[in-house]
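Feature annotations, courtesy of TrEMBL:
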DOMAIN    7-309  domain 'Acyltransferase 3'
DOMAIN    419-646  domain 'SGNH'
TRANSMEM  6-27  transmembrane segment
TRANSMEM  48-68  transmembrane segment
TRANSMEM  121-139  transmembrane segment
TRANSMEM  146-164  transmembrane segment
TRANSMEM  198-221  transmembrane segment
TRANSMEM  227-248  transmembrane segment
TRANSMEM  298-315  transmembrane segment
TRANSMEM  335-355  transmembrane segment
Amino acid sequence: MPALQGGYVGVDVFFVVSGFLITGLLLKEAERGRRISLLWFYARRARRILPAATLVLAVTVVSSFALIGGTSAARTAEDGQWAALFASNFRETSQGTDYWASDLSPSPLQHYWSLAIEEQFYLLWPALMMAVAAIGWRVPLRTRLTVLLAVTIAVSLMWSVYATTENASAAYFSPLTRTWELAAGAILAVLTPTIMRLPVFLAAVTSVSGLTAIAAAALTLDEYTRYPGSAAILPVGGTILVIIGGTITPKRGAEVLLQCRPLQWLGKLSYSLYLWHWPVLILPAASLGTELAMTTKLAFVGVALALSVVTFKYVELPVRNSNWLKARRPSVSVAFGAALVALSLGLTSNLVSILPKPSPTDKVGDFAVAPGSDLPTADEVAKAVADSVNVAGWPPEPPVGRFLFNQHACIRGLDAPTGKVTCSYGDASGGETVVVYGDSHAQMWESPLGVTATELGRRFEVFSMFSCPPADFSVYNAKRKGDYPECKAFRADSLAKIEALHPSVVLISGQRQGTWLEKDGRPDKENTGAAWEEGLASTIKSLSAISDRVVVIGDIAYSEKDPEDCVTSNSDDVRRCHTQRSYAVDTEHNEMEKRVAEAGGAEYVDVVPWLCAEDVCPAVVAGYATHKDAQHISTNYALWLRRSLAEAAALLP
């Protein structure tokens, strides 16, 4: 919701409360003179968490198969495997997921990442408490735990601040950046006797202050906040204050507000509601291929609430309070939980094995050896694009094949903006050198340009970096949630190396969609166009001084839907995957680039006619998927355009 862009802080509240409750239960067991029983602990957790989590996971995976199908359903099933093992946070990190990315279709199981971190905490913390309880008997247990938790909070918080600055997207899902939040709740449980001796009047003060802090975080933080980092201190601190107030005296603490029946009712349903809300919102949007209206979202929230009521009444409560399970050894409940995990893994693994995947193709190899003269000219490509607008089926020959991209992965990331990277093709001792320079939209043309240069006996060098367009201006980096110093370093390093090569031609290209000017750590969307225009002129001027020719390859047409998911799910009618030209093409930006290029003595190549007819940009042309994802064309299609690009850029003799 627009007014609650910081609603994600609810997860932080959840972590603090979890740490407080679980540690309190373990302490009671330890101080009653009994050893902490890991088996009993895991038995209770299995009955509490696994039944509802397994049900929602299974329904989500099967619904994804029924409503969406294709590779999207296959990926959801793979996500389900990680979710079943409570490792979703590692899955999201390995996939490079950006929690705030609005232009990508999130997994309907993405929200299991927080459940994974909680379970990882449950796996380690009780065992660690047992170890602490077993040593240092001269020092009271609560004192030992206080020291351990204080150190943990300090180290984890410092790491969270650092990791969020380096890569906010990865830090968001990391257990290391969240440990301090769970430890903050745990230390409150350890310090409960001390807190209870605080003056009673502080109960209301701390509770109101805490609730205010949480509300302020939800209202003021947004998708551009570097999070968790230091920003998480506000909601975590607020939760700490609420717990302190309730511990001093419930009658004057937050319980005065929270004990009202509607909130208590929602509190009971909160776990099931959290599990259901995300897939109920994501799956319909993915099935329809469009963003849901706010009224529709609210209606689906109602659906999620209804499902939560049913799940709580008929799944959560019966299993949690099962006299049959409680009367037996804890190993029975643990085995029951293991069976549910195995059931989830079996279901997801079977679906992964039967769901369609992009089929291999030898087209890339064919293009690499085929004479350029056998490939279509620009006019022939434009005709093929127009002819493809009304082609419904997925042609069996030639195959669409893989939605390839980054075949050679000759592109730098945050970790290596400078230094030596092997990005060369062709004859290093050749008489002429061709260079491509820019972001992933420049690297997108690596394969066709590299093949052409090799064919002509020329040296070909690639200088590209993710999210770093060649236009010289300060770029906002979504992963860092702020400035992008690596981009500046890459540009300086690349220009110096390009100058040393004395190239005959430098081809540059950059991605406009999702690229913004950075100002004060936030994207300045209003002034990006002017900054791009000025920066492009500056880059052309710099390159013109060190290269015989400069060629600007214009920006592509974008896909409104995920092309791989859409095409594989609609092979009977790929027209459902076409994109209207009005959405796909930023005409104003392309005209600006052409104007700046010509004013600076550079050449301009318009690639839009190779992707769009008059009003429509087809998803499949001549049997080839045009896009790898919404923002990049596929390697297969780029190679098919090899002759057209070489002729347009005047690379042929």
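Yeah, the Cβs are placed from backbone N, Cα and C, and that goes for glycine too.
Predicted, not measured: the structure shown is a model, and the values here were computed from it.
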(message) For the transmembrane segment (335-355), give me same-chain residues lying six or more residues beyond its boundaries with a C-beta closer than 8 angstroms to one of its C-beta atoms, as numbers and ranges.
(response) 42-43, 45-47, 50-51, 54, 57-58, 61-62, 65, 69-71, 73-74, 77-78, 80-81, 83-85, 325
(request) For the transmembrane segment (146-164) and the transmembrane segment (227-248), decide whether they are in contact, meaning at least 3 CB pairs lie under 8 A, counting pairs 6 or more apart in sequence. (result) yes
(request) Look over the recorded stretches 6-27, 48-68, 121-139, 198-221, 227-248 and say which has the most C-beta pairs under 8 A to the transmembrane segment (298-315). (result) 48-68
(request) Return the stretch with the most CB pairs under 8 A relative to the transmembrane segment (6-27), choosing among 121-139, 198-221, 227-248. (result) 227-248
(message) What residues elsewhere in the chain lie close to the transmembrane segment (121-139), defined as a C-beta under 8 angstroms and at least 6 residues from its ends?
(response) 18-19, 22-23, 26, 30, 35-36, 38, 41-42, 45, 145, 148, 175, 179, 182, 186
(message) As a test of reading the model: what is the averaged pLDDT for the domain 'Acyltransferase 3' (7-309)?
(response) 90
